[in-house]
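As structure tokens, the structure follows; a few thoughts come after it.
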């Protein structure tokens, strides 16, 4: 079988650089950032909107708060039930700013950053209030809809994870589709077609549960087709000394999308649960179309690439070559299995946060819907901090520690994942009376989890097998995202009444998977270029001295 890929040349000893601002590689990085934010926004909003979509039934009420009320039940340690009614007005700045200042002080320990973050939410609150006033002037309905879909609890729990049925199927095929149609077309069509599926989903959901499931499966297929392409294009549009930083920035779009989508989708759903699908789907569709003039497959196709940047990227980005895949070597390679399995174990934690965080906040921690819309973003605030650390430090460290060394990455990953396990243990020991403490732990947990991903194992593939980065990353993502739909079934089996002790069983599975990830990556991973990669043979030939042939002949 022939595989179309890119070779990674030997890094030169002398340092070279090219202005980043205004460059084509920065343009692609920004496009990848926005695409990741939109992909993750469409994916993660399902975990929140499902709480609005489904009509509450007696058997689904459990001991958790309703959409409009909080009931502090005895399972949280209180002596009785205290009813507290919340209005459905937009969160005002006077309520948000002090709480966010407290949270950001605890997280960043920098006064100026906390004030900036609080001021940003203050502006967001004011903007939402103005939009609410404008909507009222147009006589748009602003009443909260409790849900009009009569689905069972099991169907509601399973629905967000159904996205990953299509996602898993598409990922292994995406590399082959990239070879046939080019990364640009797959990047664009992945986003636009997923947007179309989301625009159709509300109408299909009214028709039947099966129709909604079908639309969501197709949305997952379209999203999966774009993931390996986005990753592989960085081999062309990023210099080796910039790859970890650019990848970290681009994948921070996943975090920004996750942070933004919960308050945005929660507010839009006050106009009706269908509105978030229409708004986010329309924005994604328009952005996908605009990428036709921003993204290109190769250096030669880019109409605005400067000569200086072309020469700079030619040091690492080569013309695509048709390479025969060394299946025997690849399937017996220990680093490949270590990379794939680490991603499987690590990704389980991320998917639990993405899909089930709003329901955990509602059932286990007794938050109401207005609070859930903002506070479900807690783990992703920490992840965003981790991305900033990687963007501003990884390139510096790689130039001095050499990217091919595996030991620093193993140590970093072991530290971050061990911290994650300790933090999950603290959440297990807490209850809903310690909600502020749990929120703070979730922020730190998001930082440690993402730092292990961005600075630990994920960039290693671009170093040990760059010629097959798209294919291997597609395989890893395909297997790892199986837990996307399995996690919903796990929660359905373990959480029957929604109390904290049942959710603790789910958290224990996170500790188990993180422990397995440390063992696999710590003992079996590598960042060294593998001998079966075609670039390894080229490097050997280039390393020979000019008189090598004569000396060996004599």
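Each residue, glycine too, has its Cβ placed from N, Cα and C.
What TrEMBL says about a protein is an automatic prediction, not a curated fact.
Bear in mind that the values here come from a model prediction, so they are computed numbers and not experimental data.
Matching 20-38, 39-57 against TrEMBL, the residues noted as transmembrane segment span 20-38.
Looking at 77-96, 277-296, the range annotated in TrEMBL as transmembrane segment turns out to be 277-296. Residues 187, 191, 226, 230, 233-234, 237-239, 242, 246, 249-254, 256-257, 260, 280, 283-284, 287-288, 291, 294-296, 302, 304-306, 309, 313 of the same chain sit 6 or more residues outside the transmembrane segment (20-38) yet have a Cβ under 8 Å from a Cβ within it. Each residue in the domain 'Major facilitator superfamily (MFS) profile' (111-529) has a pLDDT score, and their mean in this model is 81.
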